[in-house]
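Written out below as structure tokens is the structure these notes cover.
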């Protein structure tokens, strides 16, 4: 057995964490040979709830889980961690402007970024889930100058999985048979789910998704809208936001960082845009297709971009530029 790794989950008393912690602790993400210490951070009023979560984790009697630490203090939470999964954020309240939401979250992620900088291992992998995820991730990265920008990513895997699932449902195949869908841009309703380069296995043969679906107007219309609006549709039906599917996507995202992506497959994640070849401005946290090897991601290069895609990619970049400007303003004043 290897040395235990330290994995921090913030917003640990919340819904997503409740679905996530069991998967982490039983070896679904870091493998069945990797013991771990789980560090759970939440705000002070949630500490009693966290006690209950700890009891449940103990009651799962898991062989890989060496220790669980619950805290409301950043200096305890971020100490010597190998992985940070930042789920906690300020949710949008009724009547709240997006700008107010950004401001509240800049404060949280500036502070957590500074704590990463001061206490975490310099090799730490940071995954931001709390919304607005892309800009929160950029804020944390800018507040942790001693940790490489490439170590920060934000979750667009849920959107990626949603796109995959919609194609699979449409064609009556398993989601496993669909690969290389792309989510470009922001984890918001401007994101662009792109299946121009995606492949699907139909009756043992791999074909392009456009060729298999044979309905361009659906792929360029309803398909995109369904994926963009899926989060809102879940809230409308469940009266709660996506938790099970979000936790599954976090597991997929972190497992791929840890073990790499399968040969010939790429995945979507929000990463720093520096050096991309797709005309996306530098210094944005933007979702791209990436491949991962040795815990390091690289852009998938050389995919041809048609006019339809170009317009959608630029639109979501524009929204991210605006969010960034607002955030940077708040970072300097916070």
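Placement of Cβ uses the backbone N, Cα and C atoms for every residue, glycine included.
According to TrEMBL:
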ACT_SITE  187  active site, proton acceptor
BINDING   42, 105, 129, 130, 131  NAD(+) binding site
BINDING   92, 98, 131, 162  substrate binding site
DOMAIN    6-152  domain 'Lactate/malate dehydrogenase N-terminal'
DOMAIN    156-330  domain 'Lactate/malate dehydrogenase C-terminal'
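Secondary structure by DSSP for the domain 'Lactate/malate dehydrogenase N-terminal' (6-152): 66 helix, 27 strand, 54 coil. Averaged over the domain 'Lactate/malate dehydrogenase N-terminal' (6-152), the predicted model reaches a pLDDT of 96. In sequence order, the binding-site residues near residue 187 (active site, proton acceptor) (Cα within 10 Å of its Cα) are 131, drawn from 98, 105, 131, 162. In this record, NAD(+) is bound by 42, 105, 129, 130, 131; the longest C-alpha to C-alpha distance in that set is 16 Å. Taking 92, 98, 162 as the binding-site residues under consideration, the smallest Cα distance to residue 130 (NAD(+) binding site) is found for 92. The two recorded residues, residue 42 (NAD(+) binding site) and residue 98 (substrate binding site), have Cα atoms 23 Å apart.
For residue 129 (NAD(+) binding site), applying a Cβ distance below 8 Å and a minimum sequence separation of six or more within one chain yields 16, 85, 86, 87, 89, 154, 155, 246, 250. Neighbour density around each Cβ, counted as other Cβ atoms within 10 Å, peaks among the recorded positions 92, 98, 162, 187 at 187. Here residue 131 (NAD(+) binding site) is positioned 9 angstrom away from residue 92 (substrate binding site), judged by their C-alpha atoms.
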